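Participant: Below are the features listed in TrEMBL for this protein:
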{"type": "COILED", "residues": "58-123", "note": "coiled coil"}
{"type": "TRANSMEM", "residues": "447-465", "note": "transmembrane segment"}
{"type": "TRANSMEM", "residues": "544-562", "note": "transmembrane segment"}
{"type": "TRANSMEM", "residues": "574-597", "note": "transmembrane segment"}
{"type": "TRANSMEM", "residues": "671-691", "note": "transmembrane segment"}
{"type": "TRANSMEM", "residues": "774-792", "note": "transmembrane segment"}
{"type": "TRANSMEM", "residues": "804-827", "note": "transmembrane segment"}
Amino acid sequence: MGSFLRSEEMRFCQLIVEKDAAFNIVAEIGKQPYVQFKDLNPNVNNFQRTFVKDIRRFDEMERKLRFLENQIVKDQIVVAGRVDNGDYTILPTSEVNTLEGTLSELEKDVKSMNSSDAQLKANFMDLKEWDAVLDKTDEFFQGGVDDQAQEELENLDEEGAIRVDKGPVNYLVGIISRQRLNTFERVLWRACHHTAYIRSSDIEEELEESNGEKVHKSVFIVFLKGDRMRSIVEKVCDGFKAKLFKNCPKTFKERQSARNDVRARIQDLETVLGQTREHRFRVLQAAANNHNLWLKQVRMIKTVYHMLNLFTFDGIGRFFVGECWIPLKHIDDVNNAIQAGAVRSGSSVKPVLNILETSVVPPTYNETNKFTAVFQGIVDSYGIASYRELNPAPYTIITFPFLFSCMFGDLGHGCIMLMAGLWFVLREKNLIARNIKDEIFSMFFGGRYIILLMGIFSIHAGIVYNDMFAKSFNIFGSGWKNPYNMTELDGWIQHTPDGKEMLVELAPEMAYDHAGGPYSFGVDPIWNIAENKLNFLNSMKMKLSVILGITQMTFGVIISFFNHSFNKSKIDIFTVFIPQMLFMACIFIYLCIQIILKWLFFWTKEATIFGMVYPGSHCAPSLLIGLINMFMMKDRNVGFVQDGGKVNGEYREQESCYLSQWYPGQGTIEMVLVIVAVICIPIMLFGKPIHHMMQEKKKKKALHGNVTVRANVVSDSSEIVINGGSKKEEASGHGGDHGVHGEEALGDVIVHQAIHTIEYVLGCVSHTASYLRLWALSLAHAQLSEVLWHMVFVTGGLGVDGTVGFIAVYVVFFIFFVLTVSILVLMEGLSAFLHALRLHWVEFQSKFYLGLGYPFVPYSFKTALQEAEANASTASA
């Protein structure tokens, strides 16, 4: 919990390793996410780095693996296992070389098989087409189409005129796509000037094109006379991509012989194709069994070379030097990994890990697990915590689902959300193993624990609100009772017009069960049927929202105290934290106390409260107007009634008694509170700048008259002696960029403090109002739920009588459930989630959280494999 409350302590280290052992050492470091390397070659582009050739080599191996994966998926073979199986052992160099050769051979073999398969397919389709042409040609001639063509063409010459001489009639046979057949016939008829005779017949079997697409084709036969017509027909066929078979046998016997030969060849080709595909399948299946293992090795080795490119050389080029950030508690683990890598490489020189001093702000590292990661992600989305700053994530685990439930509170909807979260959590391992890559599913699965907590807290809020699908439940017995007898009720019913509802007023003085007390837990179910239900619930939820908001903001200010204490900044405690707490307490905490006291003491009955006579609910103090009068310091009457006791059995009430002072010394106390709050503002505004100015004067006074400068003209350097003791050497004209930066200037401090003071003072008011969204969204959710219940389920299902009513209930319940999940759970849940997110980012974290850090991004194989998988998924999409 300590590292989660504050980020881990970090150390800036220097790693010196022998050149030959560097690869194995970095590979051992990558097994655990403990080291973030610094780029020591920022001015060298990626193409000029040391290991660019090695990276290209493994890029080529990864390309081959992607090619094999595409072929495996194309053949619908399942790739066994997952890329990241938790084993991060790098293969020896000899095995990596063997793998490279294996991949090259596999790629070559698969490409060769693809080429052979494509050629065999093309030959097979040609034979199928030739077989279809022979069959259809026999059909044409058996139907006497040649005699019809001879008779028609004998009367026409090549220009279309009638001639007496009879010449020989030739024919061409071909095949064409069925979609182009009609257009082809019309164009051919016009191009030949009506001197060509064409007939066609469809092929029943689908034939495959070279691109793998299956199409319907037709066989056609064209009868013509003369070489000129033949040339025209061939050109038209070429334009429509129709395939001509010019060597079609002339006689039936020759066609029969050709058909037998073709079918024998087709059978042989089918055998060869089957054997080829079976061999291809075996090769790809073997590749699929090892694909993820190979891919993991290639990606891991490539990331090692990427890390080595961040190193630099020593003077003689024998050693690699790297700089990195390491969490303090993992220094020993990293040392062990380095030594293990050196032993594995057989190096005789032990690697060295030195801890360096640096003025650079370390990265922020909050160690998380699968439960806390989603809450840390919520905080980090706003801004990474500054180094060693108090982390809001532990508090967010409770406050986030709690504020969500205040807006979403419904027992039924909470149960649906709880079941969804439980399903994700209980089937966690199974879902991870399935490696589902859908983006929306990944979003919900990643937030499974926050969904679970939101469901639990929503159930609690639903019980408090006594709300389940817009209906209340009476478990402990209502605190209200019927004060009227049946005679009175019957008399009122008789005087009520038919078709109209009769409203019965339950006066608290008579109807409330004082002996039994209020409903044991949550809102009394009687309010669900009350006419003034909204008035009561709105008032209650609005005041609860204000109390919850001010409580969380005050907690945020208290957390800032621990940040100031940790940073040992007393000036921040005295000029920031204490004035902020006083300002908050004098106005807003005081308002919360008033709300609670009003709930506890003011009732409908006459009573004496804080020594003052309280005549009834009409004199209950108005807190909003009272807060305004507090700032205006307006004179108000003391007490609710005038002096002199009762007159004719009644008190003489003060005018606008609800604006009167309702406890002794209220006017004085509120005036003191306002004055203290106003005084806090200039303290926050000028306290820190004045302290800064005084500290600067002290430094100047301490240095005045006690400084000696000794200059050396030979070495072009100077030496400053302070108080005859401590010395500081400087070289003029050198190292200007590497000196220690001066402290923040006075003007910057003034501007910074002015911005934060104005933001805090105005923010206390605006943020308190912002928490009213808890009330507004809770009201909207409850009203939507009620509308859905009455307009869909009650009217559409329960409102129908008889047998039809039973059927209607089943149908309408399905509609009701779908609308409930889609609108009230998903859409309303998303709305409440976003509002809770805003309340944490702006209203809560702004009180203490700077978020000016940068994340600790350690090098690890697990992270590298996840990023590579995500990039591959994005590229394929």
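Any Cβ shown, glycine's included, is placed from N, Cα and C.
Annotations in TrEMBL come from automatic prediction, not curation.
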Participant: Across the coiled coil (58-123), what does the mean pLDDT come to, as a whole number?
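Facilitator: Per the prediction, mean pLDDT sits at 90 for the coiled coil (58-123).
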Participant: At least three Cβ pairs under 8 Å linking the transmembrane segment (544-562) and the transmembrane segment (804-827), pairs spaced 6 or more in sequence?
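Facilitator: As far as Cβ distances go (cut-off 8 Å, pairs 6 or more apart), the transmembrane segment (544-562) and the transmembrane segment (804-827) do not touch.
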Participant: Within the same chain, where does the transmembrane segment (804-827) have neighbours whose Cβ lies under 8 angstroms from its own Cβ atoms, ignoring anything closer than 6 residues to its ends? I mean 6 or more beyond.
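Facilitator: 410, 412-413, 416-417, 469, 781, 784-785, 788-789, 792-793, 796-798.
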Participant: What else in the chain is close to the transmembrane segment (774-792), if you only count residues 6 or more beyond its ends and a Cβ gap under 8 Å?
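Facilitator: Hits for the transmembrane segment (774-792): 403, 406-410, 413, 465, 467, 469-471, 534, 537-538, 541-542, 544-545, 548-549, 812, 815-816, 819-820, 823-824, 828, 831-832, 835.
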